[in-house]
Amino acid sequence: MTLLTHVLACLFGMGSWVAINGIWVELPLIVPEIPEGWYLPSYLTVLIQMANVGPLFVTLMHRFRPGKLDERPVIYSIVGLGVVATFLLAFFWKHTVPLAGATHSVPLLVLCFLLSVVDCTSSVTFLPFMMRLGPQYLTTYFVGEGVSGLVPAVVALVQGVGVVHCRNATVASLANGTLGVNSTVGASGELQAQYQPANFSAQVFFLFLSAMMVVCLAAFLLLNHHPAVAREKKCEQYFNGGLAEEKSDQALSLSHRPQEEKPMISSPDSHRRARQSSFGTGFYSGPELAFIFVVLAWVNALTNAVLPSVQSYSCLPYGNQAYHLAATMAAVANPVACFIAMFLPLRSLVLIGLLTIVGTGFGTYIMAMATLSPCPLLVHSASGTTLIVIAWVLFVLTLSYVKVIIGVILRDEGHSALVWCGAVVQLGSMLGALSMFPLVSVYGLFKSGDPCNTKCTK
C-alpha cells in the first residue's frame with residue numbers, strides 16, 4: 001500500500017509546524033483582544049527561540065550518547081503535548097493574569113511556548129524517524145510540512161482574519177457612543193480602520209488546530225503499527241543495535257544503492273571517489289558538506305525568520321488584499337516546491353547554489369520594499385501589488401526547493417546527517433530571528449502605516 005504510506009507521511013509532516021503557523025496567521029484576530037497588543041509578534045519570536053532548548057537536548061543526546069535516544073517516544077510526547085496545548089489555547093487565550101502591576105496574557109504566552117517546543121523539536125525528531133521508511137517518502141513528508149503552513153492560511157482566509165474597512169472616525173465614534181469631552185477625534189473627516197467580525201471565532205480556529213494535531217498523532221501511530229506500512233519499512237536493526245554506531249549506512253556501498261538514493265554530483269568519476277570524510281557515507285568532502293550546511297542555515301534564516309518578520313511591512317502598504325494574497329500564495333508555493341522536487345530531484349550542488357542566489361534576490365526585493373514602508377515603490381499601482389505577490393511566491397518556491405533537495409541529500413548520508421540537518425534548520429532560524437528582533441522591535445527601522453490615512457506621493 002504505497003499510497004497509504006504516502007498519505008500517512010504527508011499527514012505526519014503536516015503536524016510538524018501547523019500549530020505555530022496557525023498562531024501566526026491568527027494574530028490579526030488575537031492582537032486587538034489582548035493587553036500585549038502588537039508587541040505579541042515580538043514576544044512570539046523570543047518564545048520560539050527559547051523553545052530551541054528542545055532540539056538542543058535531542059542534538060546533544062545524539063552527539064554525546066549516540067544510540068541512547070529513540071525518536072519514537074519523543075515524538076509521541078511532543079505530539080501529545082501539541083494536542084493538549086492547542087485544545088487549552090481555545091479556551092484560555094483571552095485570559096489575563098495580574099503581573100508586576102500590569103495584566104498579561106500569561107496562559108497564551110505559556111501555551112505558545114509549549115507549542116514552540118513541540119514544533120521546534122519536531123525538526124530534529126520527525127526527519128530522523130523518516131529513515132525508517134524508503135527514500136521516496138521523505139519528499140512526501142516535506143509536502144506535508146509545507147501543507148502545515150498552507151492549511152491554517154486557507155482556513156484563516158475563510159475565517160476573514162484581517163479584513164478591514166475604513167469609516168469616518170467621527171461617525172464611528174458617535175455610533176459607538178465614545179465621543180466625549182476629552183476625545184481627540186475632530187470633524188476633520190479622518191478615516192478609522194475597523195476590522196470586521198470574523199466568520200468564526202478564534203476558539204473554533206484553535207480547536208481546528210487541535211484536531212490537526214490529533215490527525216498527526218493518528219498518522220504516526222499507523223506509520224509505526226499498520227501492517228501495510230510495516231512491509232515497506234527498512235531493516236529494524238537500524239533503530240536497535242545498529243543505531244548506536246550508525247554502521248548500517250556505512251556498510252551499504254554506493255554500488256548497491258538504488259539509483260534514486262545516489263547523491264548526484266556532476267563529476268564523471270564520482271563512482272570512483274574515495275571516502276572523503278567521516279560523516280555519513282563519506283561521499284561528500286568536508287568543504288562540500290560545509291557548503292550544504294551553510295546554505296541550509298542561510299535559507300532557513302531567510303524563510304523562517306528574516307523575511308516573515310517584515311512581511312506586513314512589505315505587503316500592507318499595497319493593501320490588505322495584497323498581504324493576504326502574498327501570505328496565502330507563498331504558503332501554496334511551499335508544497336508546490338515539494339511536488340516539483342518529488343518528480344525532479346536535481347541534486348547538483350551547483351544548481352543548489354544558483355537557486356539560493358536567485359531566491360535571495362527575490363528576498364532582497366522584499367526587504368527593500370519593507371524598508372521603504374509605508375511608501376514603497378509603485379505603491380499606488382496594480383503592478384506594485386503584482387510584483388510584491390510574485391516576489392513572495394518565487395522567494396518561497398525557490399528556497400523551499402533548495403531545502404527539500406538538501407534534505408534528500410542528507411537523507412542519503414544517514415541518520416546522523418538528518419539529525420544535524422534539523423539542528424542546522426533551527427540554528428539558522430534562531431540566528432535570523434535574533435538578528436531581526438532588535439531591528440524591528442527595538443530600533444524601529446521598519447515603519448508601519450495606517451491602512452486608511454497614510455498618504456504617499458505618486
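Backbone N, Cα and C atoms are what each Cβ position is placed from, and that goes for glycine too.
Copied from Swiss-Prot, the annotated features are:
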type	residues	note
TRANSMEM	11-31	transmembrane segment
TRANSMEM	38-58	transmembrane segment
TRANSMEM	73-93	transmembrane segment
TRANSMEM	97-117	transmembrane segment
TRANSMEM	146-166	transmembrane segment
CARBOHYD	N168	N-linked glycosylation site
CARBOHYD	N176	N-linked glycosylation site
CARBOHYD	N182	N-linked glycosylation site
CARBOHYD	N199	N-linked glycosylation site
TRANSMEM	204-224	transmembrane segment
REGION	249-274	region 'Disordered'
TRANSMEM	279-299	transmembrane segment
TRANSMEM	325-345	transmembrane segment
TRANSMEM	349-369	transmembrane segment
TRANSMEM	388-408	transmembrane segment
TRANSMEM	417-437	transmembrane segment
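Here the CA atom of N168 (N-linked glycosylation site) lies 24 Å from the CA atom of N199 (N-linked glycosylation site).
Listed as Cβ neighbours of the transmembrane segment (97-117) (distance under 8 Å, sequence separation of 6 or more from its ends, same chain) are residues 19-20, 23, 30, 34-36, 40, 43-44, 47-48, 50-51, 53-54, 78, 81-82, 85-86, 88-89. Between the listed glycosylation sites, namely N168, N199, the fewest other CB atoms within 10 angstroms of a CB are found at N199.
Most Cβ pairs within less than 8 Å of the transmembrane segment (325-345), among stretches 38-58, 73-93, 146-166, 204-224, belong to 146-166.
With pairs at least 6 apart in sequence, the transmembrane segment (349-369) and the transmembrane segment (279-299) have 3 or more Cβ pairs within the 8 Å limit; the two touch. In the three-state DSSP classification, N168 (N-linked glycosylation site) falls within a strand.
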